[in-house]
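One structure below.
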Amino acid sequence: MSALNKKSFLTWLKEGGIYVVLLVLLAIIIFQDPTFLSLLNLSNILTQSSVRIIIALGVAGLIVTQGTDLSAGRQVGLAAVVAATLLQSMENANKVFPEMATMPIALVILIVCAIGAVIGLVNGIIIAYLNVTPFITTLGTMIIVYGINSLYYDFVGASPISGFDSGFSTFAQGFVAMGSFRLSYITFYALIAVAFVWVLWNKTRFGKNIFAIGGNPEAAKVSGVNVALNLLMIYALSGVFYAFGGLLEAGRIGSATNNLGFMYELDAIAACVVGGVSFSGGVGTVFGVVTGVIIFTVINYGLTYIGVNPYWQYIIKGGIIIFAVALDSLKYARKK
């Protein structure tokens, strides 16, 4: 192989290698069971993707700034459990707080999003003002949030929280039927989140600032960007996205436990990297995040659909994450 051809191959591998791997996996799934492409399955994939898109949008903003968040999944779980306890039906014999009326959905959204914002602010303060790395900071808050959630879960009975108010069930499980295809309400909420983040990233000074910080924090600081404040804001915003995603996930599934959200952060990070959001910072698009989530959800759903052992699924997903990050590192090695 000539030097030129070798260089072209390496360039192609860096740019599209991960998509080839994912397409091969998808082809294997379809070959094993062609019914995978049914409208019902596509509807389910889109619904599952919608919640993951909301969560991944929160993580993506952090990766753009050369950060990450290992606590995302546990924040999703905390929001799910809190929302579930506040949105149970009054007719539910196992209602956690039997004397308390079911709260309006909008109020519960505000409550869980406020909790998420506070956790995000704590992460942001530690990272921006105490200069602790995002990995260590969010690893610590992941453990703390899970502990808080488990204590609350034990306090309210330590059993799956279900029996939601009909209004909340409709809010999270409702859909628009188009023949055999069902477009869920959750997909509409995800589209709103996507539009919001697209405007934030592309049309606001804040968006320009976070990309500048990700590209070169020192240069951003010299140019007048308040790096610490912007990091604080992006981490708080990420907490809001996790919280809203957790509320929707509880409603979509129909119940919540303290283990809901386990490993969600890894799926979100993997989807972001597959979608072109670079750990080098300063690179990423909303469309890429959405694409990455959908691809990863198709693979997850497909492997389960054809009966692949869950333990093998962990191995496959872990390999995809390592491969995607390795390609990302190669792609931006010269830039670094």
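Here the Cβ of each residue, glycine as well, is placed from N, Cα and C on the backbone.
The feature transmembrane segment is assigned by Swiss-Prot to 17-37 (among others).
Beyond the transmembrane segment (53-73), the same-chain residues lying 6 or more positions past its ends with a Cβ under 8 Å from any Cβ of the stretch are 119, 123, 127, 134-135, 138-139, 141-142, 145, 189-190, 193-194, 197, 201, 210-211, 213-214, 217, 230-231, 234-235, 237-242, 244-245, 248, 261-269, 271-273, 275, 277-284, 286, 289-290, 292-294. What Swiss-Prot lists as transmembrane segment is 53-73 (among others).
The transmembrane segment feature in Swiss-Prot is assigned to 107-127 (among others).
What Swiss-Prot records for 128-148 (among others) is transmembrane segment. Only residues 6 or more beyond the boundaries of the transmembrane segment (128-148), in the same chain, are considered here, and those with a CB under 8 A from a CB of the stretch are 62, 66-75, 77-78, 119, 122, 227-229, 231-232, 235, 258, 265.
Summarising the annotation, Swiss-Prot assigns transmembrane segment to 181-201 (among others). Within the chain carrying the transmembrane segment (181-201), a Cβ under 8 angstroms from the stretch's Cβ atoms is held by residues 39-40, 42-43, 46-47, 49-51, 53-54, 57, 60-61, 170-175, 207, 210-211, 241, 244, 248, 252, 285-286, 290, all 6 or more beyond its ends.
Residues 51-52, 54-55, 57-59, 61-62, 65, 67, 69, 72, 75-80, 83, 108-109, 112-113, 115-121, 123-125, 127-129, 172, 189, 193, 206, 209-210, 213, 217, 220-221, 260-261 of the same chain lie 6 or more positions beyond the ends of the transmembrane segment (227-247) yet place their CB under 8 Å from a CB of it. The transmembrane segment annotation in Swiss-Prot covers 227-247 (among others).
The annotation transmembrane segment is assigned in Swiss-Prot to 257-277 (among others).
The transmembrane segment annotation in Swiss-Prot covers 279-299 (among others), and the record cites sequence analysis as its basis. When Cβ-Cβ distances below 8 Å are used as the criterion, the transmembrane segment (279-299) is approached by residues 19, 22, 25-26, 29, 45-46, 48-49, 52-53, 56-57, 60, 63-66, 68, 194, 197-198, 201, 211-216, 267-268, 270-273, 316-317, 320, 325, 328-329, 332, 335-336 of the same chain, each at least six residues removed from its ends.
As annotated by Swiss-Prot, transmembrane segment applies to 306-326 (among others).
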Q: For the transmembrane segment (257-277), name the stretch out of 17-37, 107-127, 306-326 with the most CB-CB pairs under 8 Å.
A: 306-326
